[in-house]
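Swiss-Prot has this to say about the protein:
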DOMAIN    1-244  domain 'tr-type G'
BINDING   10-17, 74-78, 128-131  GTP binding site
């Protein structure tokens, strides 16, 4: 049986969830389609999802059409969850991108299409809601060519009499994009030679599989119009990305979720081989797991199974596997399946409104962050505050909704701040000697620090031989240095530097590793004071698509948001701007873009890295440490 993993993507309210229900119903997987309005759909399981008509977390369902099984990965539609969209896309064999016949190409549609092109995923366009009044399909096609891709092939005609209907498009004009993209076919066309239909279809299929040609189909998901034709196309056009002739197992985890009873489940895409119940599977050089229970999606439901075949999705109860964990032979994993997630750029504190719910909150955050690589948290050991780091403000709104709905916890979140870093300005050394006041520790430590190029991270080297200072003391120095790097002169993490352990001395038998561990961060701080530090802040690459009249406004606003526009291009009455901007400014820049373009502007961003901060220095309160703070202050007075 052929297995296809299909993604359905759309802008908010284009009908994505309704289309999923219609596909399940038309294929016979379910007896009655669910309704977004009534909250009875199978994929949007959260109240927030149903209330907004958007998808926040990936859901999996399936149907069968003749000898083809289709797993539907109902991917998130909100752009604050682009990282989860990419993670979902990584398991897909193909995608259906919805376009609302009434609303046309929205900013969100373009961002999703950009993601599909980035991942080179074969994509079908489905123009939904064609039964609404005032629809101008030629205008929609024109907009698709201008804002998405000129390489579209309209596969159907839409008729109005005696009632609205869709039929195959047999006009020769539909093949223009196919002919113009192939030199051999174009030469035949220019010389007036006849075409074989098989030639055109073969070239269409080749380019479709390469993700460079996009067939267009039509319908109404709400009224099941054109859905059967869409199912037939899905079953015939998409191929599984599973390598042929491979019997060895290879699978990858793409989703983690917890049940209401706090049971942990991992979703795995099988790329090759077959997974059997009671198999013992290698997940690392030293670690193996035994498969004791497994489920697969079948006809709209999840069923227990003894096997999961190549190409399928399998759900395993497991406490060991992590996101992107690989089961079996990782050499068989398709290259584009390796997805890097951006680092969280914002941080804040979160607290419960009722103190007795604190432990519940901590457990909930552990589960949520387990399945979301863009969310991290820790508890300050002194203030006991819960610190969250994350990517976007809407992400926080959704987390609060999950906490309230799933865990019944009411939380308060402070205004977030950007996560800065510190980098030494120059090379410096500092040594604190044993028995020299105010050093209370039975240890001498000398450190040197020097800046490295931005993006290098922290490098540590010991230049003290193990014959002179044993391993336990050496390890303690490194641990103390790494602890000291957590807070620089302004309270931010220290990065992009090389730290060398230059000198160490101990007294036997009174010296202990703790003496070196506690002294090292104090020595590091003094070295940083001599070197000085600069603040680094996260920067983003941005790419803006907007009506041409927005150009002057963009240049006018750029200095206000510290944005640097590096290139400008005008295409089809649209301006394309590329540049860089501090992450702290992007939300306001986006808000202005939306306001001044009446929602037509699109802003694509990705993390560029850290650069020297512009403007005033932002300090973060230092986390107290009762064991070393008194000594720190003594050395501070000496400086």
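All positions are counted from 1 along the displayed chain.
Every residue, even glycine, has its Cβ placed from backbone N, Cα and C.
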The correct three-state DSSP answer for residue 10 (GTP binding site) is coil
Over the domain 'tr-type G' (1-244), what is the model's mean pLDDT?
-> 85
Taking each of the binding-site residues 10, 13, 16, 130 in turn and counting other Cβ atoms within 10 Å of its Cβ, which one has the fewest?
-> 13
Under a three-state reduction of DSSP output, how is residue 16 (GTP binding site) classified: helix, strand, or coil?
-> helix
